[in-house]
Amino acid sequence: MRENVVVSNMERESGKPVAVVAVVTEPWFTQRYREYLQRQKLFDTQHRVEKMPDGSVALPVLGETLPEQHLQELRNRVAPGSPCMLTQLPDPVPSKRAQGCSPAQKLCLEVSRWVEGRGVKWSAELEADLPRSWQRHGNLLLLSEDCFQAKQWKNLGPELWETVALALGVQRLAKRGRVSPDGTRTPAVTLLLGDHGWVEHVDNGIRYKFDVTQCMFSFGNITEKLRVASLSCAGEVLVDLYAGIGYFTLPFLVHAGAAFVHACEWNPHAVVALRNNLEINGVADRCQIHFGDNRKLKLSNIADRVILGLIPSSEEGWPIACQVLRQDAGGILHIHQNVESFPGKNLQALGVSKVEKEHWLYPQQITTNQWKNGATRDSRGKMLSPATKPEWQRWAESAETRIATLLQQVHGKPWKTQILHIQPVKSYAPHVDHIVLDLECCPCPSVG
């Protein structure tokens, strides 16, 4: 048995359980040893006390070694004359407590044990700074930006991330920051452990490969991806103005049966992922990628549908969306928007002035489906779902009328716009909702 035991990095990186340091003594001294270690907050409750082949007992302790002063105390005061040595348990057995804990609890146990082993006092502040949730992409875990912010973590080195990864059963770690405000939607993600950020995620049978340090992936959009996948788009040409890595382009191609998609994207890293995702899903021959600013897109008079999947607002893309719609038959716009729904908010508070509201609602040359009582009907004349919030409805009506104006400006003749559906996607806060407006746009028949 060895007096000084230190867990090596090789053992941590092997993927096997980390060896645990234990104090070995005779069975009849076990209870006194346990009580002392518990009083000193050195007893490892995550692993079981083990019986050794020679009949002695090993009590697991926290940290990478146990200072000599505690060994002397155990030998001379706690249990005078007792044999007391350190050893390693190469395959420690989890205690019943550890086996029954959640991943977050297991993380707390592992990290607190490791931190105290480095001579840093564990505190409520550090515990509160641990993550409670995360995104898992295969063997990579993406942590939220609001964890591991305390200054104490910065001095603990890369072994901290090895401990976190081992506790949560992954090999790579990354930490999310705020999305870049430059319009490319590049996430400020830092790779904490591992040599690359490429991951693969499967949604509804569609494979998405991307670099988490360069591209976004929203699990919350799955309901909308499932919805558009269920649409019948056979023979249709689509324009996706904010394609990203293929969030909506791929469901339309793979499941909805779109004939062709023009995918616009200006983040070069997303374009690399998009091109790869089109290939691995077998639809590359039905999609053309347009790299660059979609406001400079040269396409026109081509689309049966346009996807405007940018939040908080896709308004900058509305003119080009009108431009690419087919002039003879029109088409459908799928417009994403974050809408505030604070009690008492009116349309003006949502960014629509009273003057604009009056101008939009009563232009002589525009036909919309707004009714005198303020309700809106779908394409079959049925009322929209009562679950639709008034703020969603007001925003949809204002968007409907504004786009009718844009269509006339772009095409030089009146168009009819009609709200088909308002789809909630997710909530970002108690009063901020991500919704999708399905808006039908058709040129008015010529008179005479």
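Even glycines carry a Cβ here, placed using N, Cα and C.
As the structure is a computational prediction, the values presented were derived from the model and not from experiment.
Between the candidates E265, E315, E340, Swiss-Prot assigns the S-adenosyl-L-methionine site shared with S218, K225, D293, N294 to E265. Of all the binding-site residues listed (E265, D293), E265 sits in the most crowded Cβ setting, with the most other Cβ atoms within 10 Å. Within 10 Å of the C-beta atom of S218 (S-adenosyl-L-methionine binding site) sit 15 other C-beta atoms, taking all shown protein chains into account. In this view, the densest Cβ surroundings among the binding-site residues K225, N294 belong to N294, judged by other Cβ atoms lying within 10 Å.
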